[in-house]
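Student: The NADP(+) binding site feature in TrEMBL is assigned to Arg41, Arg47. Sequence annotations record features per position, and here TrEMBL assigns FMN binding site to Arg132, Thr133, Ser134, Gly294, Lys309, Pro310, Ile311, Pro312, Thr313, Arg335.
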Amino acid sequence: MSIRMLSSGESHGKGYLIIVEGLPAGLPISKDYIEEQLARRRRGYGRGERMKLERDEFEFYSGVRGKVTTGNPIGVVLRNSEWEKWKDAMDAFDLKEDEAKEREITKPRPGHADASGMAKFGFEEARNVLERTSARATAAWTIAGTLCRRLLEDLGIAVRSSVTSVGPRSIGLPRSEEEWTRACSSDMGLPREEDEEEIMAIIDEARSSGDSLGGTFAISVKNVPAGIGSYSEWDRRLDGRLAQALMAIPSAKGVEIGGGFGLSQRPGSEVHDEFVLSSGLWTRRTNNAGGIEGGVTNGEELTLHVALKPIPTLKKPLRTFDVRTKRETSAHVERGDVCVVPAASVVGEAMTSLVLAQALCEQFGGDRMEDLRSRFEEHTKRTRRMFHV
Ligand SMILES: Cc1cc2nc3c(=O)[nH]c(=O)nc-3n(C[C@H](O)[C@H](O)[C@H](O)COP(=O)(O)O)c2cc1C
Ligand SMILES: C=C(O[C@@H]1CC(C(=O)O)=C[C@@H](OP(=O)(O)O)[C@H]1O)C(=O)O
């Protein structure tokens, strides 16, 4: 039994329909809990006009009664706040031919999915493509991932994130629990207040020169016992599944687990996490593996890093071509974000939660929360006995 998430919806349509199937019955969940994560996803200094207008209104359609999951598929409707303003663009097929032509997007933006999506479907303009490739969908994913986060929280597992760089400016990981808490709760997703002013100035500079920025964020998951996941087949390994989910975030270009690429340059004697005895428990001296060995958790904190490329839509557009005339021109320009690392890090938490909840339900059974809890506790006790002297 696994958990599946499906969504339909478009960035400037009425909104998104989300279905999450496979969550156990008996999981307490409130609207406020989800609203809190959606509000975190709207955050960040580099965001554009839309995030000031978007309210992320949603309602449960099915699968939750009296603030508890029923075991039925959970349906959620998420509304786009300003969809009526976009009716003309969305209904352009109903307009007269010359009016419709004026609205068409035929100058693909390098870095966005315009050209690749048009090539896939044979479209001569990009509206259908950008409506679905838009990161607006990550609000829907955040709702689904937050339902899964609730399941993890119920088992004592905590998923956090922190922005670790913006453009060329490195910030580094949080150095204490307080810094993790700050990174999760502050508007810019930064672990230390002292970095905020400089980061804002970097974003201001990019904005005023019509440019955009990428960056990196880290995900940390605490209290996952050893032995979760699978090494039996390539598509069951937990590291691969986490990497896929995180790589799916629009603009993600790299995922590292633990020490990631850096480990390839060091000898094995420096990299592999030695067992040391601490207070009667065999534990690890370091955590370069990022908490996963062989596609299975090893009991250490899960640590993952995600790299985002800069936002593709530029106010000072790059060179492209017009798909109709085949002539060189400047790329399509519209309002947009300049830097989205803090928002993407919240989406990263949601995607991580989805994969971990899937793995737990597969391993311990996903019908009843009560059964999942007791089997999880039994497993945790057994693994503790294995490492205990
Ligand atoms: C939260 C978030 C907001 C984004 N906002 C924008 C935006 O305003 N303008 C834009 O061109 N791209 C934006 N992107 C990135 C594009 O959606 C993304 O680059 C595009 O879908 C192509 O996918 P790829 O970069 O993964 O190849 C955003 C990404 C995220 C995660
Ligand atoms: C709507 C969201 O992000 C959008 C993602 C996005 C893109 O091209 O990916 C482009 C922008 O949309 P618009 O063109 O309407 O301004 C962002 O605002 C959101 O995160 O909720």
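Backbone N, Cα and C define each Cβ position, glycine as well.
Explain the structural surroundings of these features, please.
Tutor: Under the three-state DSSP scheme, Arg47 (NADP(+) binding site) falls in the coil class. In the shown protein chains, 19 other C-beta atoms lie within 10 A of the C-beta of Arg47 (NADP(+) binding site).
Under the DSSP three-state reduction, Ser134 (FMN binding site) is assigned to coil, being neither helix nor strand. Over all protein chains present, the Cβ of Ser134 (FMN binding site) has 18 other Cβ atoms lying within 10 Å.
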Student: So which of the binding-site residues is most packed in, judged by how many other Cβ atoms lie within 10 Å of its Cβ, out of Arg41, Arg132, Lys309?
Tutor: Arg41
Student: Which of these binding-site residues has the least crowded Cβ, counting other Cβ atoms within 10 Å: Ile311, Thr313?
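Tutor: Taking Ile311, Thr313 as the binding-site residues, the minimal 10 Å Cβ count falls on Thr313.
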Student: What is the separation, in Å, between the Cα atoms of Arg47 (NADP(+) binding site) and Lys309 (FMN binding site)?
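Tutor: Between the alpha carbons of Arg47 (NADP(+) binding site) and Lys309 (FMN binding site) there are 15 Å.
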Student: Give the three-state DSSP assignment (helix, strand or coil) for Thr313 (FMN binding site).
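Tutor: In the DSSP reduction, Thr313 (FMN binding site) maps to coil.
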Student: Measure from the CA atom of Arg41 (NADP(+) binding site) to the CA atom of Thr313 (FMN binding site) and give the result in Å, rounded to a whole number.
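Tutor: Given the Cα positions, Thr313 (FMN binding site) is 20 Å from Arg41 (NADP(+) binding site).
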Student: Which of these binding-site residues (Arg41, Arg47, Arg132, Ser134, Lys309, Ile311) have a C-beta closer than 6 Å to some atom of ligand 2?
Tutor: Ser134
Student: Work out how many Å separate Ser134 (FMN binding site) and Arg41 (NADP(+) binding site) at their Cα atoms, rounded off.
Tutor: 15
